[in-house]
Each structure stands twice: as structure tokens, then as C-alpha cells.
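Here is what TrEMBL says about this protein:
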REGION    A:1-30  region 'Disordered'
TRANSMEM  A:245-272  transmembrane segment
TRANSMEM  A:335-354  transmembrane segment
TRANSMEM  A:470-498  transmembrane segment
TRANSMEM  A:521-545  transmembrane segment
TRANSMEM  A:557-580  transmembrane segment
DOMAIN    A:591-697  domain 'TMC'
TRANSMEM  A:653-678  transmembrane segment
TRANSMEM  A:699-724  transmembrane segment
TRANSMEM  A:769-789  transmembrane segment
REGION    A:862-883  region 'Disordered'
Amino acid sequence: MSQPPSITLHVPEGSESDGQEPSPDNERALHTSFHQLILEQSSLIEAGLELELQERSRESPARLATPDACAMAWSEPGQGEEHPSYSSASLQILASMPSRTIGRNLGAIISQYCNRTARLRRRSSRPPLQQLCRAARPSLRQYDLETDPTRATLEEKRRLLVKELLSLSPSQCSHMLLTMPLSLAEKRILRRQLSGQRGPLRQHTHHWAPFSPCGWPKVCIVLPWHYALKQIGGRFGSSVLSYFLFLKTLLMLNFFSFFILLAFVVVLQAVYPPASVSPQPFTGLELLTGAGYFTHSLLYYGYYSNATLNDPCTSSPPGSVCPLAAPTLPYNLPLAYLFSVGVSFLVTCILLVYSVSRSFRESVGSSTGDLAIKVFCTWDFKVIQRRSVKLQCENICTQLKVQELGSAEHPRPQPCMIALSIAPLGPAAVQRDKTLLQTQSGSGSSATALLQELLVEQRSRSRSQSRCQCLGHCVVMLLAWVLALGLVSGCVLAVHYFSGHMHMVQQEQQAQDSGRWQQEAILLVVPFVVSLLNALMPHLFNLLALWEKHDSPGTQVFVAIIRNLILKMVVLILLCYQWLTRSVICSTEKCWETCVGQDLYRFMVMDFIFTLMDTLFGELIWRLILEKRLKTKQRPEFDIARNVLELIYGQTLTWLGIVFAPLLPAVQMLKLLLLFYIKKTSLMRNCQSPSKPWQASRMSTVFITLLCFPSFLGAAAFLSYTIWSVQPSENCGPFRGLETIYKSGKSWVLVLEKSNPNITWFAWVYQHLLENTCLLFFVSVALIAVIYFNIQVVRGRQRVICLLQEQIANVRQEGHGTPGAGPAEATETKYLSNENRLQELGLFSLEERQLTGDLIVSKEVSEDGLGSAPRCPAKGQEATGRN
Amino acid sequence: MFYMKISIYQYLWEQSIIRLHGRYHEMAPNVVPMDYTKDPDVKLPMQLIINMPELKENPFKERIVESFSEDGEGSLSFNDFVDMFSVLSEMAPRELKAIYAFKIYDFNTDNFICKADLEKTLNKLTREELTAEEITLVCEKVIEEADMDGDGKLGFADFENMISKAPDFLSLVILWEDEEMSENH
């Protein structure tokens, strides 16, 4: 597959420059040689430039500055800069340095891909660095291909491309063909030529399965709801879709927890069932309360035994001596229980952190509200419904208006810093140093503020005229927050006293020995009240927001999210407190862990029921009212924020209950599955897409962070507290008779040490490293240091980008300096050499043009590096190195 | 066999191409033959194609069709037709999409997005609800922001550079899902 790089050298001009490259050691020498190369080339390609120049100068002199086919050839010698001491990643970047041109004409595309193929081949064959220095200089050849129309006809270019393609492996070749922006007919011609020279390509097609749709069926099976998600995206755009994607993420997280617990705990306990209590009859109410029939089942903590499962002694009474030896592989259920829960939390944590970081990376670019991106990258081509298309248009229109007004008033951000240290960029740049100091163009593109911020700023500016109004607004805001917090604390107090009261009532009922139905129904009251509060309070908060009159829809959404989150979290904290202190939990002789599990189950079920009710009343009935009574075409909007918060709340309940009810993730999965279909149906029938502008990628980052930070971390803290310092029940569950759950692990280590002296080191590690706070301290310090380091790297890259942007701006200002050249002059200068002609026209000198191209590319590279910081430190270093 | 041949070059399934052929045939049953093994030279005019449900409501429908037509006039041969759905499917890579997105926004096909192109784009995006001044203002801002090389218009390099900052781009430029295909899997 890997051929020697000889093919790159068979071009006519290639041999000339081979010997001339001094392969310099420092940047300065490098650039001189670079310069030489340019001069040398300029004599070779006069004809091409002439043509180009004529046509160009007729239009506008500034146009010469574009890195199009011609400029590209000039900046191409940047590849000669490759230095033996650079890493291969840097070399690759340098090899792709010249700015690209696509879409000119068929010939240009073919020749460009020809070059790209050559590059690909070189990369895949990986010659030693010394060789690469020479081989990676296809500049002359490329120039030839792109600008000399007489020599390289279309047919010839095609032939060259085929030749290049032939040297690739079949899979690479097919992939290359696939990615080319050529029409199908053209591709078929190429392929016919290819197969003519190499024999039929067909047998290789399966090699590139991962690139082709043919390789996708497996993936498509794994991805559930593919079609449903597309349908939603098609009708409502990516904002509503983000809710469903979030739901899918949750489902995946639960699936992993569920799978781990199922495999290592539940199934084994089911295979070795403990001596069972006679089960209560199934009535049906259990599905709601989780009590009764379910109490002694795999669903709850209390059912699990503390025995070693395949130990024959367990069946005999605890006092008797066991005659048989222990089995070779004892399965200690308490340990399995502890570790499975721990591992499932760990897996969830890793998945969460991964998705948070990915979503951050995705949204890092979008957070700057570039107008250009708004214009070109907001149209959702998926949307095919007339109403949604109209809505999208309106959305874009308002966004543009807001942004444009904002940026019109917004003062230009100060240029970050004047670039002083661009000397290594080359002789041209050295000359520019002085001018750089003098001229500063606005880097308007670098920092356009966020849409909302702009609006807020704009409004606040208009407000600042009347201080009274401003003060009034502040007072209103303050009052609203006080009111909201007051409401929240009121709710919490109410829940607290109410649950105490209900506990008393329940005890009485039990004492009176009233019917089971009644007893169980009473259990449902507290979850009902909590869910009711959770359902009603958001509407109250919305009323508050109406009163507040927030400046921008963005702030409004965030304030609503924060308030709802506070409410939900405070109520959950109260409940956790009540569970752990066992103040309102079932009587002491019963298993309190099971009671907590049941409580959580009830909360989840109630939450689900309320979501259904909300869907029914808030969406279906409301739509019917709107349609039948008010005769409007409008439909209820799908409130993404509220719905996502509900999901987060449900997930927190699941995480809290994982120790007390190992099958809770399964219940949650079931709930999510049902929710998906119900919400989807309701959405399709009843709703319209939200009218507020909604930045999908940014909001999903916020949501996944919320899921990670208060929800998951809170649940983890709660569980760690339970495991480390709460005494488990005396007479039920896998940890009965222990002081804390954590002790089971500790005692196991001791047993292990005793039984097998060979692994004392393990006990030592456990005692000295895991239990040692000092080590934990050092580990956390190291982690923080790594994070700090990463932040600094990102910041450094931002600074580099900033500098590069300024340099680009400056170089281009230089180019605009003397725009006096007209078409008449162009004909006169036809006979001069290229360099002189450019000077005559008062345009960029060749170095400058090349510099601009390179600057743009290095900026791109640094931005790339910023976007995917952990992946390619080499890129960032490269960009810094060039400064 | 014919579909298999085409699917090698495309980000589409073989079955999807068969289905696409069905759609193509549907639009003009008496012109488009069912048997395509001989590769007949048939082209459908733009008016037929922009009436497809996928394109009908799209403000850029004419440009989309034109960008993919070989002759630039807007009539699509079956090959072009498949090309279009392949590039605008979800499996096509970012770069390819960027190239065609650039073509779509480049109304006068001069390989640059100039002010006139931008104005047209904006008008289509907003259903001409912005005033002329607002449009000029936005145009200026956009060019100032995205134009890296200072030629007063956006070349492909500028365009691509800008797109690299838009994480949603890849998921937005999707025209068509083969529904039955996805349902099966």
C-alpha cells in the first residue's frame, strides 16, 4: 500500500528546487529560502499570472488579495518551512497550510483533490522526517496544475488525479472519491479510468464500509428512535429535539446502571432466593404505592440477603458449625451490592463528565453571537412544514433585528493587544512591525456579544436616562426574588409539617388496624402533595416573571430555570434529611431502607402521573380550548425548559434510590420510554414549536451541566453519607448487623488478608492509601492543577487567536493602502515581471499575500485547537511557535 | 446492480437510491423510464423538482436545485438528483456540505458571496421583513465579521472558517431522511 514518495518528484519543476532547499535550522534562514523559492517560481509562472491579473484588475484591485487559485500557489511554499524538529502533527498542519479553493471549476477541483490525494498518500506512507522535508513541497506542481490552462487540460488533470488515486489503498481511494465535490457522472468517469488501470475495484468496496452507508445498519439498530427523532426535528426544529435527545441520554445512563445492578446483584439474588416471607396478595394498588406485594421482592433493599451466595453453610442456622469447606469462588452478596452500586455510579459519572465536556466543546463556538453565523448557519433545512418554516423565518428575523441593533450601538471592543512579537513570521512581517504599532483596525468580528446581553445592554442604556425607572425595576426584581424564595421556603415548611402529620395519621391507622387499602392510600398523600407543588409552582413563577418584565427572553428562561431548580432541590434535600434521620419513616421494627425505597418509588410514580396530567391538560385540553372556543390557529407551546427540569428531577430521584431499590433504574427506564412516546404523540398533535429564540446547543450544555452538578453530585453526596455514616437496619438487607455499610468492605479486606497471606499488599494498599486523607488531598491538588493548566492553555490559545486576527487585519489594511490601480494601468504593466507589476499596481507583494493566507490558516488551526483542546496540543504549540 | 453502482459514490443506501428513483419516476412517469440500466439521458426541469415536499417550503429551493444541476440551469438528471440527496443526507461530511452550502448561498455563481448574494439570502431568510437599511447594515456587519482577507466579499475559505464556529451546522443542513429505511432499523 505504501509506495515510496517518488511520484511526488516526477513533476518537471520538482527536480529543480530539490537541491536548493538548504534545510535550514532556524526560522530566519528558513524564511530567506522561502523567499528565494518565491522568486524562483515567479519566473516560471508568468504566463499564468498575467492572464489572471488582467481579468482581475479589471474588476477591483482589492480582489487580488484573495487567496484563490493564484494566491494559493504563492502561499504554497509555506510547506517548505517544514523543519525536522517539528512533530509530525505540526508537519501535517503545515502541509495543509495554504488556503484552500474549492468550487472554481471542474479542473480546479480535480487538481486540488489530486494534491490532497498526494498529501494523504504521503501521510499514510509516513516517510522519515528528512525525506518529508523535500517531498512535501508540491507547490510548483500545484501551481502548474491550477493556473496554466494550456498545458493541463481537463483530461490531463483527470489522468493525474487517477494516477494519484491509484497509489492509494483501495479503501482510501474509494473514500477520496466519495468526498469529492464532483458530480456523479464525473466520479464515474474517474472510477472507470481507475478500474481500467487497476482492474475492477468492486471487490474492495467492503473495505470502506465504515465510511459508507452500507456499514451503517449495525449502528442504526443500536440507535433507537432514529426515525422518531428525525420526525420531531423535521417538524419542530432542533430546539424541541434537544428535549428528546436529553431524554435519550438519560435512558442510556439508566440502562448502564440497570445493567450493572441486574447482572451482579439482582439476577444472583433471584437465583438464590432467601427464605421468603409469605407474600401479600397482589391488589393492583401496589403499582402506585410500591408497598404490599412489592415489599418483599427484588425491588427493595430489604429482600437481599447478607450471605455468601454459593456457600452451602448459609442454609443452616447461624449458630451451627459449618462442616463443609467454603467454595472456591464465594460470592459475597453485600460486597457485590456495594461494588455494583459504586461502579454504576462511577460509570454514570464518567459518562456524564464525557457528555458535559463534549457538549461544552460543541457549544464553545456558538456562544459568540456572530452575525455571519446567524445568517448562514441558522437555517434548518430539515424543517419542511409550512408553519414551522414561517416560524423559523420570524425567529431569524427577530434575532437579526436584535443583534443588528445591538451591534450598531455596541462600541467596538478594544483591540486586545498590539502585536509586537511577530518577527519570526518572516522578512515581510519584520518590515510591517512598525506599521503594526501605528495602525489598529477594529477587530469587530472577534467579540460580538451574546444576543441577550446585547439586548440587555441596549435596554439598560436607554433606561439609564431615568434613574427612577431603573430603581423601580431593581426593587421589582428584588421583590420578585424575595417572593419566589419565600414561596419556596413556604413550600418546604409545608411539606415538612405535612409529612410529619401524615406520618402520625398513618401510625394511628396502623394502631386501629384499618383496611390495607386505606393504609396504603395514605402513603400516597405526601408524594401527591410534593408533585402538586412541583407542578403548580412553575406557573406561579411564570406569573412572577410576567410581573418582573424581564428584558430578554434568555434571562427569563434562566430565571425560571433557577427558581424551579431551587424549589425542587430544596424539597429533595428536606426529604433526604427526613429519610436519613428516620423521623417520618416507617416504624423501627421494619426495614427503613425498604421504606425509603418505597417512598422514592412513590415519588417517581407520582411524578410520572403528574407529567401525564400536565400533558393532558396543559397540551391536549388547552389546544382544544384554543381551537374550539377561542378559534385561534395558535397552539400551546412546548415548554422545553420546564419539561427538561422535570426529567432532571425524576433522574435525581432514581439516583437517590439506587441503594434502597436496586431496580429503580429499570422503573425509570420504563417511565422514560413511556414518556418518550406520550410526549412525542402529544407534541405532534397538540403543540407548536416555541416562538422564543432557542440556542439548542447552548441550552443542552446548560441542561447537562445541571444534571451533572446539582442532581448527580447531590445524589452522590447523599449516598456517600448513607454508606459512610448511617447505620443500616438490624434485621434486613445485605448489611444487617454492621455499623455502617462501608464497614462491610473493610471487614472483607481483613478477611481477605487473613485467608490469603499472599495478598497482604492489597490490605496494605487499602489501609495506607485509600483510607489516608493525605493521599486524597494530593490527588485532588493534582486534579486541580491539571484543570488550571488546561484553563491556562485555552487562555493562551485565545490570546494567540486574538493576535493572529489582528495581524490579519493589519496585513489587509496594508493591502488597501493604495487602491489606485485602474484597468488602464493593468494593460501597461503587462510586460513587467510579476513582482514589479504588483508593486506598480500598489497591491500586496507576494510575501504579503502569502503571509495573509498563512495567518488565516494559522488562526484556523489555533481555533481548531481551542475547540478540541485536549486532543491536539501540537497544533496549539505550532501556532504559538510561529509567533 | 445499477443502484449498487451509484451507491458506491454516495452517502446513501442502495435501497434509498431505489426509493429515490421511485420518487424521480413519480414526478414525470412518462418521461423517466423505470429501467435505468442503459443510463438514459433524461433531465427533469426545476419546476417539477422544487415541488417535492422536502423542498417545497424551503426558501432556497431554487438555489439548491441549481447548485446540483450539471448544466447550471436547474434541470436535474437522475445522477444529479441522487447527488443532491446524498450531500444533503445526514451522513455526508462537513466539508462536502460546506462546499454545497457555499454554492447555494452564492446566487450569482461568481464563487464569492458578495453583497448582492447576502442581500438575497437575507431576504429569503426573513421573508423580506427587514427594511432595506437593516439589510444593508446586516450585510456590512456580516462581511466585516467573516471576511478574513479583506476583499469585501466572502470566499470559500472565509465561509468555511465561519462554519467551523457553528456547531449546529452539520445537523442543520440535512434535507432528507430515508424514512422507511430508518424505520426498519
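Indices start at 1 and increase along the chain as displayed.
Every residue gets a Cβ built from N, Cα and C, even glycine.
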Item to check | Number of helical, extended and coil residues in the domain 'TMC' (A:591-697), per DSSP | outcome: 80 helix, 2 strand, 25 coil
Item to check | pLDDT averaged over the residues of the domain 'TMC' (A:591-697) | outcome: 87
Checklist entry - Under a criterion of three or more Cβ pairs within a distance under 8 Å and sequence separation of at least 6, are the transmembrane segment (A:245-272) and the transmembrane segment (A:699-724) in contact? => result yes
Checklist entry - For the transmembrane segment (A:699-724) and the transmembrane segment (A:335-354), does the number of C-beta pairs under 8 Å, pairs 6 or more apart in sequence, reach 3 or more? => result yes
Checklist entry - Which one of these stretches, A:335-354, A:470-498, A:557-580, A:769-789, has the most C-beta pairs shorter than 8 Å to the transmembrane segment (A:653-678)? => result A:335-354
